[in-house]
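Report on the following structure.
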Amino acid sequence: MFSDVGGPLDKDQLGLNAPTSSSTGASAPSTAIVKPVRATVSPGGEADNPADAANAIDGNPATSWSTDIYSDAVPFPNFKNGVGLVLQLPQPTAIGSVTLNLNSTGTSIQLRSAQSPTPATLDETTELTPPTPMKPGTNTITINNPTPVSNLLVWITTLGSVNGKSVSALSEITLKAAS
């Protein structure tokens with residue numbers, strides 16, 4: 001490597017200095033986490049553990065919201081058409097993906113939007129994704145063609161099981177804005 005000044009090369013000329021940020025360059029798109037302001041139990045039928053709904057969005061994986069334990073091996077749709085949580089967003093936001101941590105095997109979850117934080121029936125919500133099979137642990141559902149929503153319904157269409165009991169618990173739900 002040679003310098004046209006006649007002396008040794010400095011760090012900048014050797015390319016050893018870290019690049020600096022520039023406000024004129026394009027940056028990679030980022031997906032911001034959207035923190036719901038409230039979680040309530042979903043429409044239709046009797047509510048499952050409404051006092052624990054906020055545990056699904058509190059940022060603490062040690063706490064959770066769970067469905068009731070159903071004696072019917074297939075409670076949805078035999079007993080009722082599903083159960084879930086309505087997440088109220090701070091402002092209308094296009095959600096690109098939802099990450100859920102749950103403990104059950106065989107659970108399927110559908111994402112829906114609602115105009116109201118308290119829809120009276122499932123008919124007052126709009127499908128955003130088809131029912132998606134979950135596995136125990138962390139799962140991510142991507143929303144294709146996201147549009148701004150104010151209330152997001154995390155709807156359990158098929159209830160899985162834990163230790164042979166028809167029940168599921170959501171310990172954390174994380175929403176990411178569409179990029």
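Each Cβ is built from the backbone N, Cα and C atoms, and glycine gets one as well.
Whatever TrEMBL says is automated annotation, not expert-curated.
These features come from TrEMBL:
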REGION    1-59  region 'Disordered'
COMPBIAS  18-32  compositional bias 'Low complexity'
COMPBIAS  43-59  compositional bias 'Low complexity'
REGION    113-143  region 'Disordered'
COMPBIAS  117-129  compositional bias 'Low complexity'
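Panel annotation: around the compositional bias 'Low complexity' (117-129), residues 38, 40, 42-44, 81-82, 86, 88, 95, 110-111, 141-144, 146, 149-153, 155 of the same chain, lying at least six beyond its termini, place a Cβ under 8 Å from a Cβ of the stretch. Break the region 'Disordered' (113-143) down by DSSP state and the numbers are 3 helix, 13 strand, 15 coil.
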